[in-house]
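Heads up: the structure comes next, in C-alpha cells.
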C-alpha cells in the first residue's frame, strides 16, 4: 500500500561500498522482534477491520434512534470503512515524515476520539463527522503502518507474516460482533461506543510496538535483498529518479539548492542563538521557534519528495490495460462483500429469525469461514499445477453467485450456508497482492496495490448507502443484492476480456509479420 524506505531507495550511504562488505543479516529480519510486529498487526486488524465488519449491530441502533432513511444511515458505516482505505496513499506522506510508530499512535488516539465523541451524537449528520471521518482517518493512520511494518521486517517469510496478520480481520469480525451486541444490550449503544473507544486506545499500544528499523539495520536488510535481486532494484531506483526529473517536480539541482538554503537558515539561527544569550528570553524563544520551523520545513520537503516519487511516479501503470481492468473490478467488488455485514442484521429481523441469529450470528459465520478461506485458497494457489489467477477468478464467481442468490433464502439454515460460502470465497483477498504482482511486477507492487486498496475503499464508501437507498425506494433488500451482484459481474467480465485482448494482439502481429 505504501512503498517503504527500502522499496523506494533511501540513501544511507554509498551502496557500492556497502555491497562490497560482508554484513551480517539483522536478527530481527524474519525473526526476533519481527514476530512482535506480526502480533501488533494482528491486533490492529482485530480492532479496526473487525469492528468495522460488526457495524451492522450499530446500524440497527442508529435506525431506531434517529428514525432516518436506511440510505442516509448507512453512510455512517460506509464513510468509516471507505475512508480507512481511501486515505492510504495520503497517510504515506505522514509515514515518510514521522515514521510508522508515531503515525500509528496518533491514529489510535484519533480513532478512539471518534468512537467516544460518537456516543454523544444528536443526529446522523453528527456521526458523519465524528465516526465516519474522524474514526475513519484514525483507522487509516493505524492500518497502513501495520501493513508497511510487516513488509519491512520480513523478506523470506513475508507471505506467511502477512497471512497471519490479516487473519485478525476474521477473528475481529467474530469477536467484535459478539462484543458490540452484548454491550448494546447491557448498556445501550451510546455507552457501547464509549467503551469501544476506550478499547480502541489499545491501538496506541500496537503502534508503540512498531519499533522502526535503524539505518544500519535497513542497510543490512538492503544488502541481503540485493544479493538476490540487485539488478531489479537498480532499475527501479533509476526509473523513479527519471520519473521525478521528467515531471519537473524535484530535480537534483533544485533539491540541493533547497537543502543549502535551509542549512543556511539553520546555521544563521544557530549563530544568532549562540551569540544572543545575553539578550532577553523573548528573542531566544522566537529564534528557537524559527529554528524548529526551519527543521520542520526540511523534513516536510524530504517526506513529500519520497511520497511523490512513490505514488505519482507510477503513472506508467495505467498504460497496462489489464491493471486498469483490475481497478474497475476493485471499484465494484468490495461493496458486495461489505453490504451483507451492514444489512444482514436487519434482514434477519425482517425474516423473524432473530432468535436463531442471536445464538450464532450470520455475520460471525462469514467471519469465521473467511479465516479458513484465506488459508485454504492460499494453499491451493501455491500448488505447482494450479494457476493463482484461475483460483482468484473462481473465488470471485462463487462470491458473486452467493450475492445474487442470498435474497432467495428465507430460512436461517439456507442463509447460513450462503454466508459460509461468502466467507470462504472472500478469502481471495489474500491472493490480491500475488495477482497484482503478476500484473505489474515486483517493482511497482507497492504503488499498484495502494491504488487497488484505494479503489476498494471507494467501493466500500458507496456500496452500503446505495443498498439502503434501493431499499428506501423498493422496500426490499432483494434489488440491492441483485444490482450490486450484477455490477460485480461487470467487473469480473473486465478481468476476463482484457487478458484475452492482450494475448490476442501479439499473435495477430506475429501472423502479419509472417505474411510480410
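Numbers run from 1 along the shown chain.
Every residue, even glycine, has its Cβ placed from backbone N, Cα and C.
Residues or ranges marked as domain 'Major facilitator superfamily (MFS) profile' in TrEMBL: 37-503.
Feature annotation from TrEMBL assigns transmembrane segment to 33-55 (among others).
Tertiary neighbourhood of the transmembrane segment (75-96): same-chain residues 1-3, 48, 52, 55-56, 58-59, 62, 103, 106, 124, 127-128, 131-133, 135-137, 139-141, 143-145, 148, 302-304, 306-307, 310-311, 338, 342, 450-451, 453-454, 456-465, selected by CB-CB distance under 8 Å and a gap of 6+ residues from either end. Feature annotation from TrEMBL assigns transmembrane segment to 75-96 (among others).
As annotated by TrEMBL, transmembrane segment applies to 127-148 (among others).
Here TrEMBL flags 160-180 (among others) as transmembrane segment.
What TrEMBL records for 322-344 (among others) is transmembrane segment.
The transmembrane segment feature in TrEMBL is assigned to 359-377 (among others). Beyond the transmembrane segment (359-377), the same-chain residues lying 6 or more positions past its ends with a Cβ under 8 Å from any Cβ of the stretch are 50, 53-54, 56, 163, 166-167, 169-174, 177-178, 181, 340-341, 344-345, 348, 391, 395, 412, 415-416, 419-420, 422-431.
Residues annotated as transmembrane segment in TrEMBL: 389-409 (among others). Long-range contacts of the transmembrane segment (389-409) within its own chain (CB-CB distance under 8 A, at least 6 residues past either end) are made by residues 333, 336-337, 339-340, 373, 377, 380-381, 415, 417-418, 421-422, 424-428, 431-432, 435, 438, 476-478, 481-482, 484-486, 488-489, 492, 495-496.
Taken from TrEMBL, the feature transmembrane segment covers 415-436 (among others). Within the chain carrying the transmembrane segment (415-436), a Cβ under 8 angstroms from the stretch's Cβ atoms is held by residues 162-163, 166, 170, 326, 337, 340, 344, 348, 353, 360, 362-363, 365-370, 372-378, 381, 388-389, 391-392, 395-396, 398-399, 402-403, 405-406, 409, 445, 448-449, 452, all 6 or more beyond its ends.
For 448-467 (among others), the entry in TrEMBL reads transmembrane segment.
Within the chain, the transmembrane segment (479-497) has long-range Cβ neighbours (under 8 A, six or more residues past its boundaries) at 325-326, 328-333, 335-336, 339, 343, 393, 396-397, 399-400, 403-404, 406-407, 463, 466-468, 470-471. According to TrEMBL, the transmembrane segment annotation covers 479-497 (among others).
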Interface check, the transmembrane segment (160-180) with the transmembrane segment (33-55), three or more C-beta pairs under 8 A: yes
Selection from 33-55, 127-148, 322-344, the stretch that has most Cβ pairs under 8 A to the transmembrane segment (448-467): 322-344
Sequence-remote partners of the transmembrane segment (127-148) [C-beta within less than 8 Å, at least six residues beyond its ends]: 1-2, 4, 40-41, 44-45, 48-49, 52, 62, 75-76, 78-88, 91-92, 94-95, 100-101, 103-104, 106-115, 117-118, 121, 162, 165, 193, 203, 206-207, 210
